[in-house]
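Q: Residues or ranges marked as signal peptide by Swiss-Prot on the basis of sequence analysis: 1-26. Here Swiss-Prot flags 27-41, 34-46, 40-50, 45-54 as disulfide bond. Summarising the annotation, Swiss-Prot assigns proline amide to 57 and lists similarity to another entry as the type of evidence.
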């Protein structure tokens, strides 16, 4: 009887430790706020949000945005 209680306890301990490993290795999905690229799933943190890929607008896009606001 004591052997069964010990083995069940060990089994539950292993399951608990595996759940903790999954939680600590979880990455942030696209659109989530981030502070560094390593925390995002696609390893791309742009302007404090996870995006894939990291697109930086060029002069043409900024000019279109300027005229759109007028």
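Cβ from N, Cα, C; glycine included.
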Q: Once the chains shown are all counted, how many other Cβ atoms turn up within 10 Å of the Cβ of residue 27 (disulfide bond)?
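A: If we count other Cβ atoms within 10 Å of residue 27 (disulfide bond), we arrive at 13.
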Q: Looking only at 34, 50, the disulfide-bonded residues on record, which one has the least crowded Cβ, with the fewest other Cβ atoms within 10 Å?
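A: Comparing Cβ neighbours within 10 Å for the disulfide-bonded residues 34, 50, 34 has the fewest.
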Q: Would you count the other CB atoms within 10 A of the CB of residue 45 (disulfide bond), including those on all shown protein chains?
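A: Looking across every protein chain shown, the total is 20.
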Q: Roughly how many angstrom lie between the C-alpha atoms of residue 46 (disulfide bond) and residue 40 (disulfide bond)?
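A: The Cα atom of residue 46 (disulfide bond) is 10 Å away from the Cα atom of residue 40 (disulfide bond).
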Q: Can you tell me how many other Cβ atoms are located within 10 Å of the Cβ belonging to residue 41 (disulfide bond)?
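A: Residue 41 (disulfide bond) is surrounded by 13 other Cβ atoms within 10 Å.
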Q: Given the disulfide-bonded residues 34, 40, 45, 50, find the one whose Cα is closest in space to the Cα of residue 27 (disulfide bond).
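A: Minimum Cα distance from residue 27 (disulfide bond) across 34, 40, 45, 50 lands on 40.
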